[in-house]
Amino acid sequence: MLPFILFSTLLPLIFTESEQQLWFCNSSDATFSYSYCDSMKFPFSITAEPCITLKGTNGFLHIKFIPRRDLKKLYFNLSINVNSIEVPTRKEIICHGYDDNYSFCKALKGETVNTVVPFSFKGILFPKGQYRCVAEAIVGDNEEKLFCLNFTIIHHPNVN
């Protein structure tokens, strides 16, 4: 009986594929990577210029993908975990369907979205540790999942 219990317990661990971490960038105080957090993997490219430092940088994120749905209404569910402490999930509306700030909000299914989004961390102090952010993109009136990405940030500030 014991071999059966051990086999049934270890079998899922043997055949479970570990999620591949895709490198984002490596700066002087942080390492950024992401992986897919659902089974709907599709080509998605994200790069930062310059690579993000959490001690106060600003720059641009270059994002490129081909949506599987029209982007008339788009929002993100953002779940953040800081050093194993859960922060309440935040819903961030990106495209309302009218009077939108981003040009890609009118993109149709199958059109390539190639956009640049500014970022800034000036004035924000991040404690040392590991940050995880799950960004789940939801589109349309039927609220269909467009994609889900799991970002990992390891912050290792230099102590001088």
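Easy rule for this one: first residue shown is 1, then count along the chain.
Using N, Cα and C of the backbone, Cβ positions are placed for all residues, glycine too.
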- region 'Interaction with lipopolysaccharide' per Swiss-Prot sits at which of 39-43, 64-68, 109-113, 119-123? 119-123
- Message: Under Swiss-Prot's annotation, the disulfide partner of Cys51 is which of Cys25, Cys37?
- Response: Cys25
- Message: Neighbour count first, Cβ atoms within 10 Å, every protein chain included; then name which of Asn26, Asn77, Asn101, Asn150 tops the list of glycosylation sites.
- Response: Asn150
- Task: Would you kindly give the Cα-Cα distance separating Cys105 (disulfide bond) and Cys148 (disulfide bond), rounded to the nearest Å?
- Result: 18
- Task: Using all protein chains shown, find which of the disulfide-bonded residues Cys25, Cys105 scores highest when you count other CB atoms within 10 A of its CB.
- Result: Cys105
- Message: Please identify, among the recorded positions Asn77, Cys95, Cys105, Asn150, the one with the smallest Cα-Cα distance to Cys51 (disulfide bond).
- Response: Asn150
- What number of additional C-beta atoms lies within 10 angstroms of the C-beta atom of Cys51 (disulfide bond)? 16
- Task: Could you please provide the mean pLDDT value for the region 'Interaction with lipopolysaccharide' (119-123)?
- Result: 79
